[in-house]
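Marked as active site, nucleophile by Swiss-Prot on the basis of similarity to another entry: Ser203. As annotated by Swiss-Prot, active site applies to Asp352, His386, with the evidence given as similarity to another entry. Taken from Swiss-Prot, the feature compositional bias 'Basic and acidic residues' applies to 488-497. Residues or ranges marked as compositional bias 'Basic residues' by Swiss-Prot: 498-512. Residues or ranges marked as disulfide bond in Swiss-Prot (evidence: similarity to another entry): Cys118-Cys292. Sequence annotations record features per position, and here Swiss-Prot assigns N-linked glycosylation site to Asn316, Asn361, Asn453. The annotation region 'Disordered' is assigned in Swiss-Prot to 480-512. Marked as signal peptide by Swiss-Prot: 1-17.
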Amino acid sequence: MMYVSLVHWLALAVALAVPFVTALGNVPYPQDDPFYYPSENGWQNEAPGTILRERKIQAASLGIFEWKLDAWQVLYRTAGARPDKPSYTVTTFLVPSHAHRDRVVTISSPENSNFIQCAPSYAFRKTGVLEIANFEPRWEQMLYTLFLAEGWIVNAPDHEGPESAFSAGRFGGHMVLDSMRAANNFKPLQLSSNPMHIGHGYSGGSTPNGWAASLHESYANELNVVGWSLGGSMTDPLYTLNSLDGKPTSSLVVAGAIGLMDAYRDEVGNLLDDEVWTEEGKIAEKVMRNSCVYESVIRYFGATFQSERYIKGGRNLSSWPQMRKISNMNTMGHNPRFTPRKPIFMFHALYDEEINWHQANKTAVEWCNNGANVRFLTYSSTSLVHVTTYLLNLPYIVQYMRDRFNGKDWYGGACQFDVESQNPALDVNVLGERFRGILEAALDMLGKEIGPNDSILKNRLKAGQNPNTHHKTKLHVLKKGDISPGEGGDHTKESKKAAAKFKAEKKHGKHH
């Protein structure tokens, strides 16, 4: 049975019912805006994170609802798929009232497209007209006030860069890390001399965020990163694209293939046009390059792309050696050299209908085998799917970030794998409280001052208190020290069974 998340169904319904609108003159699209491109030659010689352009903006949601905070956008020098390949992109800084100048949360919003018009930075602009197109980053931006309410400065990079290279993780990882450098370099933010950074990304945002975590040590180890949060994680590009084919969001198969090839075009040339696509496939590529994710999903809802209609010979994308090579290079955990060295919180629904749980779990296990510090939380309820898992984990994410900024221990530097079988949505009180907080967040964007003294989660997210008070994993019984995959810390049947299985295998020498 195929599932489509409720939020996605609603988004599709809105997209079909409301005509797409365009910016009316005062805010040009990125492809028409000189700000998105370096003004002079020589930018390639600047250090990564160097500011090339800057501007103050009026931030807004859906193009019309103003955010009452300070907001800037900067164009900065970064790197492409390889660290020695100069590139550039834009990031957006959001500064709440009474901001903590030593705490920055970098959020990689899902873009999931091959069209620069879908960039998160454009979605932040007040255009003066209702903007329904490019809904993917816009719905997540409504959740940013959960972080702004804490007094944290938010940094939101266009991690797909000028190529709009969706699914190219290393590419996005460089851009995320360099956005942190840009934040440190941007004087109007008035950051402390060594500010703390946390990276966060869910779904399509997990890819650049996870790779930023992986590349931090080798590419930008001067950054004071204190933690990473990622969920619904797309850690293996081809695995994800294969699993999506024929499903409601199958247009991502084409978008992902395009993104991977664009990031490495100097190595693979025009592989897709020359060897892969049929005429129908070329039409699909053109659609992807001129539409945002929900438009392409509507156009190709449920299509099977790895078929003779779209691909020559009906071959699987993984049958091309170039595709396999690039996908392996962009698979988290594949190379032990790129193992994150800062605390990580990962969470994933076992029955995620969009991004398969197994790839994320495999990455967590491989990272742990190479010395990472990870908590991997699995939700085993069949009623939790891709988007709802994110929404219901927001309090966990906020608490995790608080703990990281406050320097609290994270499982003794080891790994912890837990299973949560209870669905918080089954408890009406939890559902009501959580979504009340989210609705308050939305209301705060419609006119209230955004900062640590506003109404968001004021009663529910009190300092030092875990906000998940119903059916939560029992944090006080989580073990410390060296904990291997499968050894859970809660009292659910799944966790006990996994721990017993692991101990039995360890006794017989299957684990070392």
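Yeah, the Cβs are placed from backbone N, Cα and C, and that goes for glycine too.
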Spatial neighbours of Ser203 (active site, nucleophile) among the recorded positions Cys118, Cys292, Asn316, Asn361, His386, defined as Cα within 10 A: which are they?
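Those close enough are His386.
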Specify the nearest of the recorded positions Asn316, Asp352, Asn361, His386 to Cys292 (disulfide bond), where nearness means the distance between Cα atoms.
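Comparing Cα positions, the candidate nearest Cys292 (disulfide bond) turns out to be His386.
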Taking the Cβ of Asn316 (N-linked glycosylation site) as the reference point, list residues of the same chain whose Cβ is under 8 angstroms away and which are at least six residues distant in sequence.
Asn242, Gln306
When you measure from the Cβ of Cys118 (disulfide bond), how many other Cβ atoms are you left with inside 10 Å?
28
Determine the Cβ neighbour count for the residue listed as 'active site, nucleophile': the number of other Cβ atoms within 10 Å of its Cβ.
24
Can you tell me how far the Cα of Asp352 (active site) sits from the Cα of Cys118 (disulfide bond), in Å?
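Rounded to a whole number, the Cα-Cα distance is 25 Å.
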When you measure from the Cβ of Asn361 (N-linked glycosylation site), which residues in the chain that are at least 6 apart have a Cβ under 8 Å away?
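Looking at Cβ-Cβ distances below 8 Å from Asn361 (N-linked glycosylation site), excluding near sequence neighbours, one finds His348, Phe376, Thr378.
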Give me the CA-CA distance between His386 (active site) and Cys118 (disulfide bond), in Å, as a whole number.
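About 21 Å separate the Cα atoms of these two residues.
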Under DSSP, is Asn316 (N-linked glycosylation site) part of a helix or a strand, or is it coil?
coil
Around the Cβ of Cys292 (disulfide bond), how many other Cβ atoms lie within 10 Å? Please give the count over every shown protein chain.
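Total other Cβ atoms inside 10 Å, all chains included: 25.
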